[in-house]
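Annotated repeat 'WD' per TrEMBL: 11-43, 93-132, 169-192, 193-234, 235-274, 315-347, in sequence order.
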């Protein structure tokens with residue numbers, strides 16, 4: 001049974017549920033997007049609110065934070081860009097005709113997915129739509145981006161003459177049960193990945209290994225070759241919708257409405273661990289230093305030993321579902337539909353886990369050393385026996 005933890009700080013500035021929490025690449029700031037139609041900027045140094053972004057005409061569904069700019073999307077059909085220093089709205093991206101539920105910033109591109117069945121690409125700096133991706137029969141829920149340079153060999157790239165000017169590709173998951181891969185430059189659909197029988201809720205991309213992972217309301221996770229579109233594996237053990245995914249060192253963690261997280265070894269498809277104890281759906285998860293942190297619809301966050309599956313700590317205090325978590329400098333940040341951002345000190349649990357990992361490595365090292373000595377002894381004995389046999393054979397020949 002895990003120990004309960006109490007928050008070191010509770011931030012109650014929002015007047016509505018927090019739908020998303022984003023950490024800047026440099027780790028200096030956090031951004032929260034809320035049902036109250038505003039976003040707030042927080043310093044990780046002092047946990048104070050240093051920015052309040054107002055302007056959306058409806059609730060904020062998702063947000064993304066860069067070091068110098070913040071991005072929010074809303075049920076008002078728009079996306080906004082904000083200056084993190086002044087709080088000024090720098091750009092409004094208009095074009096979607098329904099709720100914008102997801103955005104992604106990559107290079108100079110801003111991508112968005114909407115209930116209007118389209119995804120769009122915008123120039124971050126010019127406040128201009130570059131491309132529209134039309135072909136899904138229902139809402140676009142999730143996005144991923146990669147470059148063909150990351151996955152294609154030179155001879156394969158030469159076959160794509162039409163797209164050589166821009167090698168960027170966008171991946172979209174939809175409630176129409178499909179995943180689509182698009183050339184950014186032309187808006188042309190490169191692949192449609194068929195197999196799911198329910199809405200695609202989450203995507204994880206492993207470009208170096210040419211693999212894409214998709215989680216669905218059909219209770220499965222599917223692995224795809226993103227070059228050929230071939231379905232590689234189907235992970236079937238969940239008993240509810242797969243809501244969130246995390247990929248770490250060829251281990252895939254999946255959070256589900258069945259109240260569990262499962263860990264899979266990607267190379268074989270084997271399920272190697274199940275993390276239980278949740279009393280509602282697992283809505284978000286994050287791996288950190290050998291610990292798996294989860295957020296749930298039961299209003300609790302939890303920490304598990306990622307290897308053994310043992311529950312190490314429960315973080316209680318929220319009143320509604322935890323929608324998102326972030327970790328920085330051994331502090332856990334949890335954002336909830338109760339409107340609060342809570343900050344938890346996880347130094348103790350991280351320290352204990354590091355000691356445990358160090359001890360395990362030491363034991364493994366000693367075992368390895370014993371094995372080497374044993375092999376060395378056996379080799380020496382083997383050589384002596386072989387020498388004796390050769391001498392015996394020589395005597396017999398004489």
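One is the number of the first residue shown, and numbering goes on along the chain from there.
Cβ atoms are placed via backbone N, Cα and C, with glycine included.
Residues of the same chain lying 6 or more positions beyond the ends of the repeat 'WD' (315-347) and with a Cβ under 8 Å from any Cβ of it are 4-12, 14-23, 27, 30, 32, 34-36, 42, 44, 47, 280-281, 283-286, 288, 291, 293-297, 299-303. Remark: secondary structure over the repeat 'WD' (193-234) totals 3 helix, 23 strand, 16 coil, with classes taken from DSSP. Counting residues 6+ beyond its ends, the repeat 'WD' (93-132) has Cβ neighbours under 8 Å at 61-64, 66, 69, 71-75, 77-81, 138-145, 168, 170, 172, 174, 182, 184-187 in the same chain.
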